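One structure is given here, and the rest of the page talks about it.
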Amino acid sequence: MEANERASVVEVNSGENTMQLSMADKNDQQQLQQPFSIYSWKQKVAISILVSLTGLISPMSGSIYLPGLNAIQEELNTTATLINLTVTCYMVFQGVSPTLWGSLSDSWGRRPIYLSTLIVYLGTCVGCALAPDYASLLVLRMLQAFGSSSVIALGSGVMSDIALPSERGTLSAYVSSMQLLGPVIAPIIGGAVTEQLDWRWTFWIMTFYTGILFLAILLFLPETLRILVGNGSGYANPTPLQWLQHHRRMRDLPNPSIEAKPNMDHRNRPNLLAPLLYFLQPELAMILFYYGIIAGVMYAIMVSIPNLYASIYGLNELQVGLCYIPLGVGCVVGAFSNGHLMDKRFKATAKKYGLEPPNNKQARFALPGDFPLFQCRLKTLWIYAVVESIVTLTYGWVLQQHVHIAVPLILQLLFGICVTGTSNAMQTLMIDLNPGKGASITASNNLSRCLLGAAASAVIEPGIQGIGVGWMYTTLGLILVIKSGVLLPTLLIFGSKWRKARIESSDYH
């Protein structure tokens, strides 16, 4: 639990001697005797699964109605350019909005932001399903992104609250896999729904899905923000069951008014610029840019699949949707395999470094300034960097030469493994560098991912038309080579030095 308390000094006079007892020191000693988290491993996994399923909402909403764009254009009597604008506006709001929600959740708590933003999202889903014209749909899509964009940042915030550094790789894999799996599985669902029912049903499906998760969060997800509830034993933003249990206990107290209110004394003032300020830290800026580039290439691949696979292999909408499956499988495999390896590597490095591996019996676990955190988290990224570059350079020429469809699908699988393996490592490292700020950190990550993804989505089709699919993906592959060749060694060489300098300065938080 973070010690934001100001020390209150009690003076005890005895003759010539004056004893000063720091109440903050006493509180610290009591906190150090408590476990890091009151939740068992199974409970942490259950919480991770719930926030991960909720994290699907934002990326799925962005792409579930893509297969129905032609039907929307025809029904609303508009142009393809204007319909595509609804996609672009959604991605822009999806990237910018978490800078607000992440900062608020790091101050007010995870539960109130979850519940309030999901209410906004549910309302806009119903509105989109009933939208009578193009203008209504455009405005509602922007509001929909505003409401849904918080879920990924909040999920990472919860992970930073409950997970020890030695657990973050595995638990964060749930969140990071859903962040990238959503855009992949959504077109599959959207294509089937649009073909069998109607494009409006894609929004009704998201309404039902979100409604179930809203009730689950309302009833079961506890508040985890450590400045409010510490290791989970504190009382703030309670679930209905926690509220009932608390008030039953209050009836047995001689003076219930003493503890009748939730603990909000240590709530920080929200810093709405916090997600943007991370871009001013050199190591975090490089991490955000590194991941944003590979995420942008993934969006380029996804956006180009419908036209390329339909024209080259003669697939219909449903078959095109099924072509996203290999990329989705790769995303899941990459997230969990790398998450497990990161946790094992962290424990081995801590042991080699002479540190006792973190465990739940410790109230706090602080890594020393010279701990090789960057090497520990980024060691395997060289493998991903090589594979993702080769895959991207090859992918375009395979399509241009009309090679059997199995080949580009296998390349998609490999790329999915690389992109989520990279995402998991970078996200975990950023949380390690800024403990307690998981939501704000993920908001910065989301901003980088969405803006670079929007840019890549905008240029991929004109690029293919201009220089051909082979040379377009060659260009993207070379960008990945330069990204890995410059940013990765810089982080490995200078990252630990920057971290140590920040720890030694008063600016480190």
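Residue numbering: from 1, along the chain as shown.
Even glycines carry a Cβ here, placed using N, Cα and C.
Database features, via TrEMBL:
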DOMAIN    47-492  domain 'Major facilitator superfamily (MFS) profile'
TRANSMEM  45-66  transmembrane segment
TRANSMEM  78-101  transmembrane segment
TRANSMEM  113-132  transmembrane segment
TRANSMEM  138-159  transmembrane segment
TRANSMEM  171-189  transmembrane segment
TRANSMEM  201-221  transmembrane segment
TRANSMEM  288-312  transmembrane segment
TRANSMEM  318-337  transmembrane segment
TRANSMEM  381-399  transmembrane segment
TRANSMEM  405-426  transmembrane segment
TRANSMEM  447-464  transmembrane segment
TRANSMEM  470-494  transmembrane segment
Could you give the residue numbers and ranges of same-chain residues that sit at least 6 residues beyond the transmembrane segment (447-464) on either side and whose C-beta is under 8 angstroms from one of its C-beta atoms?
87-88, 91-92, 94-96, 98-99, 275-276, 288-289, 291-293, 295-300, 303-304, 307-308, 472, 475-476
Stretch of maximal Cβ-Cβ contact with the transmembrane segment (405-426) [cut-off: under 8 Å; candidates 288-312, 318-337, 381-399]:
318-337
Can you work out whether the transmembrane segment (45-66) touches the transmembrane segment (470-494), with the criterion being 3+ CB pairs under 8 Å where the paired residues are 6 or more apart along the chain?
no
Pairs of Cβ atoms less than 8 Å apart decide it: which stretch in 138-159, 318-337, 470-494 has the most with the transmembrane segment (381-399)?
470-494
For the domain 'Major facilitator superfamily (MFS) profile' (47-492), what's the model's average pLDDT?
81
With the transmembrane segment (78-101) as the reference, find which of 113-132, 138-159, 470-494 contributes the most Cβ pairs under 8 Å.
138-159
Mind checking which residues of the chain, 6+ beyond the ends of the transmembrane segment (470-494), have their Cβ under 8 Å from one of its Cβ atoms?
282-283, 286-287, 289-290, 293-294, 297, 300, 374-375, 378, 381-382, 385-386, 388-390, 392-393, 395-397, 399-401, 456, 460, 463-464
